[in-house]
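Enquirer: Below, the features straight out of Swiss-Prot:
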- GLU205: active site, proton donor (ACT_SITE)
- LYS337: active site, proton acceptor (ACT_SITE)
- GLN163, LYS337, ARG366, SER367, LYS388: (2R)-2-phosphoglycerate binding site (BINDING)
- ASP242, GLU285, ASP312: Mg(2+) binding site (BINDING)
Amino acid sequence: MTAIVDIIGREILDSRGNPTVEVDVALEDGAMGRAAVPSGASTGAHEAVELRDDDQTRYFGKGVRKAVDAINGEIFDAIGGMDAEQQAQIDEILIGLDGTANKSRLGANAILGVSLALARAAADSLDMPLYRYVGGVSARTLPVPMMNIVNGGVHADNPIDFQEFMIMPVGAKTFSEGLRCGSEIFHTLRAELKKAGHNTNVGDEGGFAPNLPSASAALDFIMGAIVKAGYKPGDDVALALDPAASEFFKDGKYVYAGEGKTRSIEEQARYLAKLASDYPIVSIEDGMAEDDFEGWKLLTDLIGKSCQLVGDDLFVTNVTRLADGIGKGLANSILIKVNQIGTLTETLAAVEMAYKAGYTAVMSHRSGETEDSTIADLAVATNCGQIKTGSLSRSDRAAKYNQLLRIEQQLGAQARYGGRAALKALA
């Protein structure tokens, strides 16, 4: 039987040393599932609420005992004894139990931990890998990684205004080959930065955080490292950006503190379009601020047919905001972060809506991560073809890459690599 017999919540630490939630779900047949919840540094205003204790005597107010108490008490009381395979029904109960639009009463961190641990427990009971349990027989596409090798913005203590500069091994034949490519470029970039006198400290997501003056300077270093490592920019390896523009959008303008420049909405869109023409940039995430719909429309009209434009803060994995954006013709892709919405069922619904509208989907980590590798399985389960899970250092990031290597090995000849076709802009 897959009846839920126990749910145990606990407070653990994430990759930034902040508390987060971990949940164990035990079933009657002895099966068990465990999930840990990530957290973000640059968070969208419309995300589901991560419940913190606000007790300044513990972890500077960042403790999650309230969320843990909700898991061990109210949530277990509501779903204990239910069949773990009834994922959608249980997720609906959890949403109703919270009773708020943004999961602020029980906390999205509490609800998500239970939702994901539940899926893992059910998969364990059926002796199935998570990607197969969630995705069925068609789950076999290994994603192209977006490897964040230079960090800026709120992810690093340097002057670079953009948050992430990523490489995508679109020309690789397999995931493992793509991972090797990324690793070789990462180590080459380290050597090149060091040779030029820059520090090689890493940011929250494992990328380097050098004191470079502009986005172009960072892109030039990355282009050089790609060539030096023996790869061809644009053919073997494409570039992707995450400006996280909401972080520097002030009073209707984009304020580049590091560069000492201010750009209007139109200037911001045209600046990004120029970068995309000057470099082999195939994906830009959050190039405009989350509520700058005018800017998003302008950017989409400018380069939406040739570049993947990913909405993260714009959509926050929320079907209501996604439907609104689709209707307005904003972006052409959605970033999928499970903790932005708070249940597995709602996450899968967002992916499905994106696909139906002809949008791509990118499975994503958060800057505050754990060793939990659920998103690797979800990337394969949804066949989304793209994953964003950090750089080639820090074990919290490598955990996801290593899980994808295992999945590729398990799938054997069935495995397919997303490659160039994963991005509609390149297909």
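Count begins at 1; order follows the chain as displayed.
Even glycines carry a Cβ here, placed using N, Cα and C.
Let's see these features in context: how buried, what's close, how far.
Expert: Secondary structure at GLU205 (active site, proton donor), taken from DSSP and collapsed to helix, strand or coil, is coil.
Long-range C-beta contacts of LYS337 (active site, proton acceptor), restricted to its own chain and to partners at least six residues apart, with a cutoff below 8 Å, comprise GLY40, ASP312, VAL316, THR317, SER364, HIS365, ARG366.
All chains included, 26 other C-beta atoms sit within 10 angstroms of the C-beta of ARG366 ((2R)-2-phosphoglycerate binding site). When secondary structure is read from DSSP and collapsed to three states, ARG366 ((2R)-2-phosphoglycerate binding site) falls in the coil class.
All protein chains considered, the CB of ASP312 (Mg(2+) binding site) has 28 other CB atoms within 10 Å. DSSP assigns ASP312 (Mg(2+) binding site) to coil in the three-state reduction, outside any helix or strand.
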Enquirer: Of all the binding-site residues given, namely GLN163, GLU285, SER367, LYS388, which is spatially nearest to GLU205 (active site, proton donor) at the Cα level?
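Expert: Closest by Cα: SER367.
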Enquirer: Count the Cβ atoms, other than its own, that fall within 10 Å of the Cβ of ASP242 (Mg(2+) binding site), considering every protein chain shown.
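Expert: So the Cβ neighbour count for ASP242 (Mg(2+) binding site) comes to 27.
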Enquirer: Checking the contact step here: among the binding-site residues GLN163, SER367, LYS388, which have a Cα within 10 Å of the Cα of ASP242 (Mg(2+) binding site)?
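Expert: Within 10 Å Cα-Cα: GLN163.
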Enquirer: Cβ neighbours within 10 Å, counted over all protein chains: which one of the binding-site residues GLN163, SER367 has the most?
Expert: GLN163
Enquirer: Measuring Cα to Cα, how far is GLU285 (Mg(2+) binding site) from GLN163 ((2R)-2-phosphoglycerate binding site) in Å?
Expert: 10
Enquirer: Just report the maximum Cα pair distance in Å for the recorded (2R)-2-phosphoglycerate binders GLN163, LYS337, ARG366, SER367, LYS388, no decimals.
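Expert: That value is 17 Å for the farthest Cα pair.
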Enquirer: Return the residues near LYS388 ((2R)-2-phosphoglycerate binding site) by Cβ distance under 8 Å, restricted to its own chain and a separation of at least 6 in sequence.
Expert: PRO145, MET146, ASN148, MET166, LEU335, VAL362, MET363, SER364, HIS365
